[in-house]
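What follows is a single structure, written as structure tokens, with notes after it.
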Amino acid sequence: MLKVNDINVYYGNIHALKGVSLDINQGEIVTLIGANGAGKSTLLKTLSGLLKPKTGEIVFEGEHVAGKVPQLIVKRGISQVPEGRRVFANMSVEENLELGAFLRKDKKGIQEDFEKIYQLFPRLLERKKQLSGTLSGGEQQMLAMGRALMARPRLLLLDEPSMGLAPLLVKTIFQIIEEINKTGTTILLVEQNANMALSIADRAYVIETGKIVASGLAEELSASDQIRKAYLGGH
Amino acid sequence: MEQLIQQLVNGISLGSIYALIALGYTMVYGIVKLINFAHGDVFMVGAFIGFYSITVLHLGFFPALLISMVACAIFGVLIERIAYKPLRNATRIAALITAIGVSLFIEYGTIYIRGAQPEAYPSNIVPLKSLEIFGVKISGQSILILAVSLCLMIILQFIVHKTKIGKAMRAVSHDQDAAKLMGINVNNTISATFAIGSALAGAAGVVFGMYYTKIEPLMGIIPGLKAFVAAVLGGIGIIPGAMAGGLLLGVIEALVSAAGGSLFRDAVAFVVLILILIFRPAGLFGKNVREKV
Ligand SMILES: Nc1ncnc2c1ncn2[C@@H]1O[C@H](COP(=O)(O)OP(=O)(O)O)[C@@H](O)[C@H]1O
Ligand SMILES: [Mg+2]
């Protein structure tokens with residue numbers, strides 16, 4: 001479904017991604033784990049078209065999309081839930097969701113998706129008219145996810161959805177991610193919370209200072225000594 | 001007492017012109033964080049386009065108003081695309097200096113094209129009757145200005161809150177990258193903001209001409225600065241703030257005039273600016289939060 005081939009991304013002369021390659025198959029949950037500053041968000045921003053790779057290719061469902069504008073990428077079916085949620089705090093929950101469907105014209109489909117999202121996140125329905133800036137962190141995370149789903153993506157990119165949330169809430173969010181995946185949306189999940197991420201993922205990649213240093217089935221990686229030492233807090 | 005109410009009415013008329021101009025400042029600031037110092041000159045160009053539409057094309061007031069708005073919208077977009085867009089990632093001071101350069105270019109470009117002589121605005125083209133309410137005479141011009149401004153502000157509120165482009169404008173002014181992730185075309189949204197703000201300035205130019213009956217190429221400077229003060233007074237970047245700030249400034253000016261300080265009139269705005277910057281830098285409608293870096 002998605003094939004990233006040897007991309008190099010720079011911020012000025014900072015070399016943030018150094019020859020990164022990865023594959024995502026239809027229907028999978030793939031997780032990308034790595035420490036703070038490893039280049040996870042940079043990769044997602046590049047996939048969404050916010051950053052252009054200097055070299056390398058990104059192929060989504062057979063189409064070369066590297067360096068294409070974010071609009072086109074959303075249209076093709078890749079949506080992102082950015083790090084830190086980035087909800088439009090000055091707008092209501094409902095308006096945020098509407099913006100998620102910005103490029104869609106099918107009024108009926110949009111209406112159906114509103115209902116689906118309110119079913120998935122009943123909290124959002126209760127707070128539909130509330131300014132999103134007044135929501136709690138967990139609710140904002142739900143809103144950011146709902147907003148991305150409003151574009152009806154085939155591939156959903158999630159950037160550290162558990163960040164700053166209480167453990168119980170993290171669990172809920174991860175359950176919802178699995179649920180979203182079951183309805184047919186492929187998922188690339190970026191996390192520092194490697195334990196949780198590996199527990200729901202099919203496959204995983206490990207990134208360190210801009211390079212993929214390990215990859216494989218999620219269970220295998222969770223069992224590997226090296227990974228446990230570096231990312232899962234020992235034993 | 002009647003005198004006072006009379007002045008108040010004058011103040012509100014003048015203030016609604018400031019408000020129309022201030023809206024453009026505030027919307028553009030909200031979305032690109034630029035004080036568009038050429039905005040007062042778009043107002044001047046609008047006044048002249050209205051003037052020529054009436055005198056050369058023999059159009060009525062409303063067609064002239066509409067032509068002026070459309071022409072200014074296009075003019076505003078051109079200014080943005082040619083002068084400001086290449087500087088979007090430059091320092092703010094570079095963009096600000098460019099804005100001042102654009103302002104001078106428009107002012108002296110206009111003088112170069114048509115000379116510096118003023119024109120008498122044909123204010124008699126709308127059959128205006130003055131109104132008397134409780135012994136207070138309200139001139140037809142005042143009523144026209146109020147009606148036009150009010151309509152435009154209602155339309156603007158509708159656009160900003162109910163339409164897709166309005167929602168895109170609010171999203172982009174809050175967070176450009178997040179807006180891009182929704183599939184919003186940020187460049188087009190910024191252009192639309194310039195178009196709407198400039199159209200309002202164009203309308204303000206035409207009603208200003210009707211009210212003061214004299215226009216000239218440097219006429220945009222003082223109202224432009226005052227509208228800027230009005231935008232800051234209301235809280236720059238905040239649309240209702242610009243409306244309230246404009247009206248308030250107009251009323252303050254009129255009251256100062258009424259109190260015998262008409263010579264002091266133009267200075268009032270700047271006193272207000274200094275006071276607001278000292279006591280409430282975020283403006284009346286703004287939250288006093290420090291800007292994110
Ligand atoms: N806008 C930026 N300008 C310069 N360097 C950046 C920028 N954003 C990120 N970086 C650098 O790129 C590297 C990767 O950052 P990022 O992708 O945000 O890491 P992660 O999401 O894995 O924490 C870091 O060294 C970071 O300092
Ligand atoms: Mg990150």
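Each Cβ is built from the backbone N, Cα and C atoms, and glycine gets one as well.
Copied over from TrEMBL:
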- B:12-32: transmembrane segment (TRANSMEM)
- B:52-79: transmembrane segment (TRANSMEM)
- B:91-113: transmembrane segment (TRANSMEM)
- B:133-160: transmembrane segment (TRANSMEM)
- B:190-212: transmembrane segment (TRANSMEM)
- B:227-251: transmembrane segment (TRANSMEM)
- B:263-283: transmembrane segment (TRANSMEM)
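Contact check: the transmembrane segment (B:190-212) against the transmembrane segment (B:263-283) gives fewer than three Cβ pairs closer than 8 Å, residues 6 or more apart, which falls short of the contact criterion. With a cut-off of 8 Å on Cβ pairs spaced 6 or more residues apart, the transmembrane segment (B:12-32) and the transmembrane segment (B:227-251) reach 3 or more such pairs and are scored as touching.
Beyond the transmembrane segment (B:52-79), the same-chain residues lying 6 or more positions past its ends with a Cβ under 8 Å from any Cβ of the stretch are 24, 36, 38, 42, 45-46, 102, 122, 125-126, 144, 148, 191, 194-203, 205-207, 210. Remote same-chain partners of the transmembrane segment (B:227-251), defined as residues 6 or more beyond its termini with a Cβ less than 8 Å from a stretch Cβ, comprise 8, 11-27, 29-30, 35, 37, 39-40, 43, 153, 156-157, 160, 173, 268-270, 272-273, 276-277, 282-286.
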